[in-house]
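Following: one structure in structure tokens, then a few remarks.
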Amino acid sequence: MKRNSLSSFSVSFWLLFTALMLQAVESAKGKYAHTLFNELFEDYSNALRPVEDTDKVLNVTLQITLSQIKDMDERNQILSAYLWIRQSWYDAYLKWDKDKYDGLDSIRIPSNLVWRPDIVLYNKADDEFSEPVNTNVVLRYDGKITWDAPAITKSSCVVDVSYFPFDSQQCNLTFGSWTYNGNQVDIINSLDSGDLSDFVEDVEWEIHGMPAVKNVITYGCCSEPYPDVTFTLILKRKSSFYIFNLLLPCILISFLAPLGFYLPADSGEKVSLGVTVLLALTVFQLMVAEIMPPSENVPLIGKYYIATMTMITASTALTIIIMNLHHCGSEAKPVPQWARVVILDYMSKIFFVYDVGENCTSPKREKEERKLEGDDGCQRRHKEVRSHLSNRNEDSDLKEKFNGNLNKSYGVHGENVRETINCCSCYKMLIKNIEYIANCVRDHKANRAKGIEWKKVAKVMDRFFMWIFFIMVFFMSVLIIGKAA
């Protein structure tokens, strides 16, 4: 027990001794830091370039780290990004011998105490011209100053929405000195591209790179060159959201338009279906127009909407024309011979269009048998009528012969002759009435057959345009997906 207590006491003693020594060292370093700070900034001025020779160029190393994309405003063409900007340079008047200050090799001081390069974002699109964040800088014993400052930048970006929502954008971030030319301050790329190691994934955009390029430009106002560093942010839109919310509903709605030709003409819903689909697509078109900038480049999905709306307008117009054909009736002209051959004979078989009034689910043999039975019944009725009329004619002939014989043999005249004449006139009137009724029935059947032919023509044309528009919608959908890929 005594041995364990002695060991624990010795451990605690050494820990306390180490803590006291570290505190003494830190206090010594703090003392040296205050002394160093007072000596460095006694005669220092942050208003002039920190170079011993005024003709010497001061090199500033620039590094950009992209942390997050805050917003991409396509309509106003503004990119909002959260950046970490690192600038490093050498100050000729802020050097010391670290051995004189107990090995103190760096200190951290407010950035407004030292000279800073006036590097700004050239293509800034923010309304507020705010000052840089006043963070601390790291000052090393050899005069190297490193300044890390976060910034939320709003830069102008030329947005090309031709392939929206499958588009890619390239936004430039151009940094350069606002007042110092290339003979005074030169900008050097720290890396060949922006740092994306700390990038927070965005829900709408994918980052495919951020290459950096140094440019030296001579502006019209000045003869000196002005260097700048341009970081090109390559963005690829994640199109899943727009596919499920804008493109897929449009495709489904556009497939409803050809089904308007399949609706029966007597239902009264053919035109209303086309108008409803057209209004639905108009709503989606307005949603896309609110997102996109008002430019001459129409987005891909906008072209698809316009093409679909044009197709639905054409289908509605054709539906109106076909409905007029369907309701031609018996007063219309007969179906032309070419239409009877092309539409009723060939196209009806190609598109499997049955006669109007027939059930498309009934077997074909039953229809033919019913048709044959109907034809045989009609023929039997015609034969019976003809035989009946012929029998009546024979009876009248026999009566005339019989009366004639009687008149010759007995010389009978007067009442028998009158009765014979009256009987013949009654038969003649009866035959005229029967012929009149038969002509009326025949004309009614002909007119009804004429109306049925026009209805069948309308039905065939409905099926024809239905398949035509189905093919058009399919190829339009494949074309937009292929063009986007």
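Any Cβ shown, glycine's included, is placed from N, Cα and C.
Taken from TrEMBL, the feature signal peptide applies to 1-27.
Residues or ranges marked as domain 'Neurotransmitter-gated ion-channel ligand-binding' in TrEMBL: 35-238. Confidence annotation: the domain 'Neurotransmitter-gated ion-channel ligand-binding' (35-238) carries a mean pLDDT of 89 in the model.
Feature annotation from TrEMBL assigns transmembrane segment to 241-264 (among others).
Feature annotation from TrEMBL assigns domain 'Neurotransmitter-gated ion-channel transmembrane' to 246-480.
Same-chain residues lying 6+ beyond the ends of the transmembrane segment (271-292) with a Cβ under 8 Å from its Cβ atoms: 74-75, 161, 164, 246, 249-250, 253-254, 256-257, 259-260, 263, 299, 301-302, 305-306, 308-309, 312-313, 315-316, 319-320, 323. For 271-292 (among others), the entry in TrEMBL reads transmembrane segment.
Under the heading transmembrane segment, TrEMBL lists 304-325 (among others).
The transmembrane segment annotation in TrEMBL covers 464-482 (among others). Sequence-distant contacts of the transmembrane segment (464-482), counting only residues of its own chain at least 6 positions beyond either end whose CB sits under 8 Å from a CB of the stretch, comprise 247, 251, 254-255, 257-259, 261-262, 300-301, 303-304, 307-308, 311, 315, 318, 322, 347, 351.
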